[in-house]
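As given in TrEMBL:
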- Thr167, Lys193, Thr204, Glu291, Asn421: substrate binding site (BINDING)
- Thr204: active site, nucleophile (ACT_SITE)
Amino acid sequence: MRRHLSTVSKHVPSSGVYPLGFLVASTTAGLKKTAAPDMALVVSDRDCAGAAVFTRNAFAAAPVLVGREVIKTSGAAMRAVLVNAGCANACTGVQGIADTRTAIAKTAASLGLKSTGSTLMLSTGVIGVPLKMDRIEKGIDALSASVTKSSTASHEDWLAAATAIMTTDTFPKLRSKEFSVNGKVYRIAGWSKGAGMIHPNMATMLAGIFTDAAVSKPCLQAALSHAVERSFNAISVDGDTSTNDTLVVLANGAAGTKLIDDIKSSEFAQFQDNLTEFAAELAGLVVRDGEGATKFLDIQIENARTFEEGKAVATAIAKSPLVKTAMFGQDANWGRIVCAVGYSGVDIEPTKVNLWMESKNEIVHLFKDGAPHQVFDQADKDKAKRILAGEDIVIRVDLRLGKVKAQMFTCDLSFDYVKINIDYT
């Protein structure tokens, strides 16, 4: 039995506020062994600015290779995102690329779109297996028929799509909200998928974010690049970087407001902040559903010289199997955390380093100015035990080297992570 964070239902929304102009559908095409829904489609009723960030794994999957081309050549006139689960279409050679192009062309034709470059395909699942194109094409027919019959997308439609893209996930990861930029109201929605093989750059992870704000392609890509370093490139489950990671954002302007096209404007800054906050929430759901996870770890680095140095320290802690297993065992072994800080590659001044563990209600200062602190008194030991018994744990490290903060989300490493991954294929 898979063990994961308590009662996942609390992370699944029962309602939402969704962007104007987008239609959503999902279907079962027979790509998963379980006969569960396995394909989804999001379509805009007008051209969108599109931006994306892809895996840096050298064995990038066919949909990633084709997707990079699509974003580069057609990112200002995007219309649709097609997703399949059950097959990653990775390490499948020229046939995999041809199959991706065929699926994209069929989707565009089925929707009556003028250009095949208006559609992006995302795939997730087992590596090294070709797509079953007969099933993919039947799935595209069903998805296209569904969206062409619809005039609006309901919360149930969005949730079904988030469910269809799951693999080892235990719950669908969906969020939506309204936000304001200089008094103008916009809507944003998104789903993410992933539970294992998660680590930057990027963390098998897929995510799509959709907004009715009007944003130029250059501004959208700039905002996304900023956001991803503080969200999907700031999570780790097991330290493995996937072949398929893709985060795509589409902005269709259906809210009817002025185009955000100046990267130096206050409108752009506000949009970027909202996108970053939203992406971080979606990314956090991936960690909460980490394979075998029982703890959600929020690693906060304070007073680094630069963001890059702070991120390096946070990554070293997040990636440490010794830290992660200590958190699973509810062992306040601060020495493992300090050790990770020391080998992070950042020029540390040990006598300046401070370390705390925190929960919502309690805090214990374990390491002060390079020496043990609050670790010998029984009351403090009891406090640390209570903190580590909870689901959400903050590990906060003050480097006292500068004024910059960095943050990373990770989870513990449990017995069940091994059980899940010993017979995946």
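In case you wondered, yes, glycine gets a Cβ from its N, Cα and C as well.
Curation does not apply to TrEMBL; its annotations are automatic.
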Neighbouring C-beta atoms (10 Å sphere around the C-beta of Thr167 (substrate binding site)): 21
Nonlocal neighbours by CB distance (under 8 Å) for Lys193 (substrate binding site), same chain, sequence gap 6 or more: Ala85, Thr124, Ala162, Ile165, Met166, Thr167, Asp169, Lys173, Met205, Leu206, Ala207, Val286
Binding-site residues compared (Glu291, Asn421) - highest count of Cβ atoms within 10 Å: Glu291
